[in-house]
Amino acid sequence: MIMTESRAVIHLEPPAETSQEQADLLIVKVEEEDCSWMQGYNRPVLETFYQRFKHFQYHEAAGPRDALSQLRVLCCEWLRPELHTKEQILELLVLEQFLTILPEEFQAWVREHHPESGEEAVAVIESIQRELEERRQQIATSPEVLPQKMVPPGATQESFSHQCLPVEAQPERESQNLLEENALPVLQVSSVPLKDSQELTDSLLSDGPQKLVKTEDVADVAVSFILEEWAHLDQSQKSLGRDSRKEDCESTTPVDYEPKEGNLEFTVQQVSDAADPHWVAAERTEKNGVQRPESGEVSDLKDMVPRWQVNPTSGNPRQKRPLRSGPDVNRKQKSNGERGHRCGDCGKFFLQASNFIQHRRIHTGEKPFKCGECGKSYNQRVHLTQHQRVHTGEKPYKCQVCGKAFRVSSHLVQHHSVHSGERPYGCNECGKSFGRHSHLIEHLKRHFREKSQRCSDRRSKNTKLNIKQIPGLSEADLELSGEVQRNACQAEGHSEGCEHQDGQQGVVMKETLGQSSSKRTDCNEFSYVHKKSSPGERPHQCNECGKSFIQSAHLIQHRRIHTGEKPFRCEECGKSYNQRVHLTQHHRVHTGEKPYACHLCGKAFRVRSHLVQHQSVHSRERPFKCNECGKGFGRRSHLAGHLRLHSRDKSHQCHECGEIFFQYVSLLEHQVLHVGQKSEKNGICEEAYSWNLTVIKDKKLELQEQPYQCDSCGKAFSYSSDLIQHYRTHSAEKPQKCDACRDSTCQCPHIKQQQKSCPSGKSHQCNECGRGFSLKSHLSQHQRIHTGEKPLQCKECGMSFSWSCSLFKHLRSHERTDP
């Protein structure tokens with residue numbers, strides 16, 4: 001509905017006791033306003049779906065099954081489970097039940113505001129209660145306010161014309177001011193002498209079945225009158241009432257407004273405060289409509305929208321008094337055609353009062369929602385609800401792919417990108433994509449640091465001469481110099497606020513011209529990196545090793561390396577870690593969770609980096625290349641090992657075959673191949689040993705630390721797995737046998753792989769005997785029993801064997817027989 005300035009003038013026929021002359025004095029001025037400010041909200045649509053679901057009848061369906069299916073469809077249209085979360089659906093159900101249990105005088109009022117949450121509904125009711133309480137207090141403290149409001153203080157005793165003048169007869173300027181300032185239906189009394197107007201006031205106060213003797217009764221009557229009338233209003237009138245409450249202030253007359261003689265105005269609320277409500281109600285029921293003098297149309301008495309504001313007179317102008325006063329509240333006026341709440345601190349605009357109240361807590365620091373467990377406070381109830389799940393352990397948002405649960409729905413959305421491989425956040429500079437927005441922000445900071453470094457290098461070359469020292473240089477030349485410098489930066493794609501443009505020349509120019517250096521504008525939200533520190537600067541430095549970091553959080557994590565602090569402890573096994581992400585990865589060892597699955601072969605991993613390394617197996621990609629020989633590798637660790645070949649450190653070399661090793665232990669393991677050669681003297685133990693497995697193991701024990709010691713015999717081991725296996729010799733537990741050779745004392749790599757794998761997961765089965773194996777390689781070795789294959793041969797005697805462990809045992813027999 002388009003806002004118009006039309007006004008309807010309605011005669012009110014008084015009771016039989018009043019004279020026809022007094023009936024001609026009452027004129028109602030109604031302003032038609034726009035009632036579409038709530039359009040576009042989802043709440044009215046949801047209300048429609050709710051009413052359809054609530055009022056569905058059984059006879060509307062073809063049968064019980066059809067009725068049940070239609071109810072399900074209507075319920076889904078109302079609750080929208082595919083769009084709304086579980087919390088939103090619960091909030092909607094609680095809101096509908098809350099509106100149902102409200103008193104009847106509040107239900108219609110609150111529903112017309114279309115609250116979207118229980119908090120908004122409570123805010124509307126509290127606002128109504130505060131306004132009603134203010135009206136009671138105002139009437140209780142000023143009993144004489146009613147007669148004074150109805151008589152203008154500046155009126156004279158002159159005799160006026162007794163003719164009823166329509167509102168259109170008023171001067172144009174005064175009519176326009178009233179339309180703009182007073183969005184109220186006004187009872188206007190024209191051409192009434194002061195004496196007659198006083199008689200009219202006394203008549204209104206005295207007529208009716210009962211007389212008002214207490215000001216408290218007047219306030220109660222006003223409240224009951226308002227709530228009764230609200231239920232009988234049409235949509236446009238209710239919207240008009242909402243707009244007046246949304247403005248939260250009383251109507252005022254402009255300061256320059258001076259009423260003409262014979263022009264006495266007072267609002268409907270003054271009549272409802274002064275007159276008996278039963279008279280008003282009876283008059284409404286008896287008179288269904290009254291004649292408009294200019295159009296002849298019939299209008300109901302209920303078209304008068306009850307208001308609580310008072311229309312002041314020229315003798316006592318009053319300013320608007322907002323119900324929620326404060327310097328931070330700045331509302332948009334009706335002249336702009338907008339209604340809402342604007343924050344006085346940051347300028348943000350909100351249509352709903354509840355959103356504005358939540359936003360104000362950011363500036364005030366108010367946190368009304370407190371956790372009863374730990375005492376933490378939050379400014380929104382939803383944040384408290386999410387925090388309480390930390391204490392209860394509730395994780396309602398579960399991934400349907402891997403079963404992982406989360407406390408917050410946004411974390412589940414981010415987790416879905418792990419399975420889908422989606423990277424929606426792309427960098428406009430290099431085209432690289434990321435799965436999370438925070439990762440994109442960190443990546444963009446690197447680009448800005450690179451640009452800052454280029455600007456710094458360019459500035460160091462071009463700003464060695466201070467242009468302020470050049471004699472005869474005018475202000476125009478300074479401006480031209482700065483413009484040239486800015487164009488050079490813009491040509492390279494730098495932001496407007498880069499340090500190069502506001503470098504030494506720019507500062508000198510601004511100081512010379514007396515301009516402020518605060519006019520720097522940035523074209524990107526991440527350009528604060530320029531302002532925060534100089535290009536390439538790492539302000540956070542470690543006092544122990546001197547390493548620098550850009551962010552203080554990284555420095556805190558780094559210091560834990562020196563202090564040995566490990567604040568993140570596993571409750572299952574007691575292990576501690578210095579970073580939370582490491583603890584999260586460790587938890588997956590206990591839970592068996594492997595959220596990172598390969599979409600090609602289905603293999604899952606606990607850590608994302610392991611999945612990335614695994615994917616190079618399918619793609620045959622070798623991103624890590626050697627700069628010396630050009631050889632590529634799929635893993636960085638493999639490249640690091642290869643680079644040692646090109647280094648000068650080649651001290652560990654096999655004297656038999658010439659192969660080079662960078663670790664002495666690797667050389668010892670390699671020399672097992674040469675066990676058939678003559679024995680050498682052990683330089684570490686000063687004893688003569690043959691090059692067999694015993695010597696190699698003893699040398700490894702001497703070269704390495706042995707922190708794991710047996711409590712029974714005192715034997716020490718380098719690895720915890722060796723200690724666990726040693727414990728079996730003291731206990732009655734039988735050690736696990738090798739799947740290939742069925743030997744419990746076997747130390748070949750097969751038994752180690754077998755111990756790591758799950759015993760129950762033997763997916764590879766032998767077709768001959770039905771025996772199962774956890775690894776396919778074990779099955780291949782086992783099948784040599786049925787086929788009789790012996791691929792391993794002794795070079796000394798030519799004897800063949802099926803397994804490598806059997807060959808090692810045979811080689812030891814040759815060592816004992818050697819002289």
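Any Cβ shown, glycine's included, is placed from N, Cα and C.
Checking the ranges 205-227, 596-618 against Swiss-Prot, the zinc finger annotation falls on 596-618. Swiss-Prot tags one of the stretches 269-291, 476-498, 568-590 as zinc finger, and that stretch is 568-590. Check Swiss-Prot against the ranges 126-148, 425-447, 448-470 and you find zinc finger recorded for 425-447. The average pLDDT for the zinc finger (568-590) in the predicted structure is 88. Residues 402, 418-419, 421, 585, 588-589, 634-635 of the same chain, all 6+ positions outside the zinc finger (596-618), place their C-beta atoms under 8 angstroms from a C-beta of that stretch. Remark: secondary structure over the zinc finger (540-562) totals 11 helix, 4 strand, 8 coil, with classes taken from DSSP. When the stretches 369-391, 397-419, 568-590, 708-730 are ranked by Cβ pairs under 8 Å to the zinc finger (540-562), first place goes to 568-590.
Break the domain 'SCAN box' (51-132) down by DSSP state and the numbers are 63 helix, 0 strand, 19 coil. Outside the zinc finger (397-419), and at least 6 residues removed from its termini, the chain residues within Cβ reach (under 8 Å) are 85, 386, 389-390, 435-436, 593-597, 608. With DSSP states grouped into helix (H, G, I), strand (E, B) and coil, the zinc finger (425-447) comes out at 11 helix, 4 strand, 8 coil.
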